[in-house]
Amino acid sequence: MTDYQGKNITVIGLGKTGLSCVDFLTAKKANVRVIDTRKIPAGAEQLDKSIPLHTGSLNQQWLLESDMIVISPGLSVKTAEIQTALSAGVEVVGDIELFCREAAKPVIAITGSNGKSTVTALVTEMGKAAGLSVGMGGNIGIPALSLLNENHDLYVLELSSFQLETTYSLKATAATVLNVTEDHMNRYADLEEYRQAKLNIYHHCQTAVINGEDPLTKEDDKQSAQQQVSFAENNADYWLKTENGKKYLMAKDKLILACDEIKLTGRHNHMNALAAIALAQAAGIKNSGILTALRTFPGLAHRFQLAHMANGVRWVNDSKATNVGSTVAALTGLHIEGKLHLLLGGDGKGADFSELEKLINKPEIFCYCFGQDGAHLAKLSSQSQLFNTMEQAIETLRPTLKPGDMVLLSPACASLDQFASFEKRGEEFTRLAKLSVAQ
């Protein structure tokens, strides 16, 4: 544990995470000040009036007067004012680093371009089913520091590349980079810089769980995991066995469960299940808990979720597909009886969409593109139409639907150009799906 008493600490960014940092540091008797570049930041009304607050810009003087800066993951350490503070010898960390210095129980840490929320939630359910008190948080749900208020046996953290940039003391019992595909290219110089941020999760961990099908998830010499295990369809420690047309989840030579006994569907979710099993076993979670969770965990909202079905048409909400890799995962191995009506669009975050081209140029796939980067996506397929909004796209495709068709929202883009969040986008899709059937 670190002594923060009397230290001058500036927290950048309010919201749930920023407030959790303020609460933690004030309880440790630090002298806390808060900066938020928004003029009216979320959470300002919850901040104790005795805490100095500067809004609308980064206050360079406050930063230079600090012993430590706790930076919001949404702000890059490359920002000029932060670089000036670093050059002056000010320590810059994130909330996850504060958590790691304090946590006394084992941590399972999960990152990746796609699937990390599903795996985080599934591992959490495995631990709970085994009788453990599990704290789940980080980039999903509860801020990590808030988890310290409970007496948990195990922490399961979803971590973003942004959070990992300023995390140095993780020392996870088990950690994984599920996959690495282009995302946040408006923040990183290239894919390798993004990957290196992800790989920080392996520093000093006991077991690194790597994706045997994605060499970018393998630790470099810079990391120092005590041991490494892999998951993949074949030739891995955790793998899929096919026998008499059925697929089985395997841990080395031991059969865990048939894939048709788990609630998660699709090849990408079978990979997620293998990763979760590997992490859980590395952390000593009992097999009984692992099996129970696999049989009962239904998946997360907005992750390839059946939003509605009527007249033989399935409406599938995959609004969480905020990057190309996630949409590729949704489309790979997808089998439908009729036509696939694919909704694409939003803020592409500077990504290269070309990986989608081969997947969507099929006679049974029709693309309906919308939003900020809709025009770029529409160029990928000869069977594309361009719209301003998702609602306009759905109005157009509705009369063409026939039994056996699927309408899939898997946009390959962030939502913030037109929606408050990917959740709001998914909710609007679900509303329109049900309205579409009602009409």
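Keep in mind that glycine also has a Cβ here, set from the backbone N, Cα and C atoms.
Listed features, source Swiss-Prot:
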type	residues	note
BINDING	Gly112, Ser113, Asn114, Gly115, Lys116, Ser117, Thr118	ATP binding site
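Features recorded in Swiss-Prot, as mapped to the structure shown.
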| residue | record | contacts (Cβ under 8 Å, 6+ apart) |
| --- | --- | --- |
| Gly112 | ATP binding site | Val119, Thr176, Val177, Leu178, Asn179, Val180, Lys198, Thr217 |
| Ser113 | ATP binding site | Leu178, Asn179, Val180, Thr181, Glu182, Asp183, Asn323, Gly325, Ser326 |
| Asn114 | ATP binding site | Leu178, Asn179, Thr181, His268, Ala321, Asn323, Gly325, Ser326, Ala329 |
| Gly115 | ATP binding site | Leu178, Asn179, His268, Met271, Asn272, Ala275, Ser326, Ala329 |
| Lys116 | ATP binding site | Ile110, Asn139, Ile140, Glu158, Leu159, Leu178 |
| Ser117 | ATP binding site | Asn139, Ile140, Glu158, Leu300, Arg303, Lys320 |
| Thr118 | ATP binding site | Leu264, Asn269, Asn272, Gly299, Leu300, Arg303 |
DSSP three-state assignment for Ser113 (ATP binding site): coil
CB-centroid shell, 8 A cutoff, ATP site Gly112, Ser113, Asn114, Gly115, Lys116, Ser117, Thr118, site residues removed: Ile110, Val119, Leu178, Asn179, Asn272, Ser326
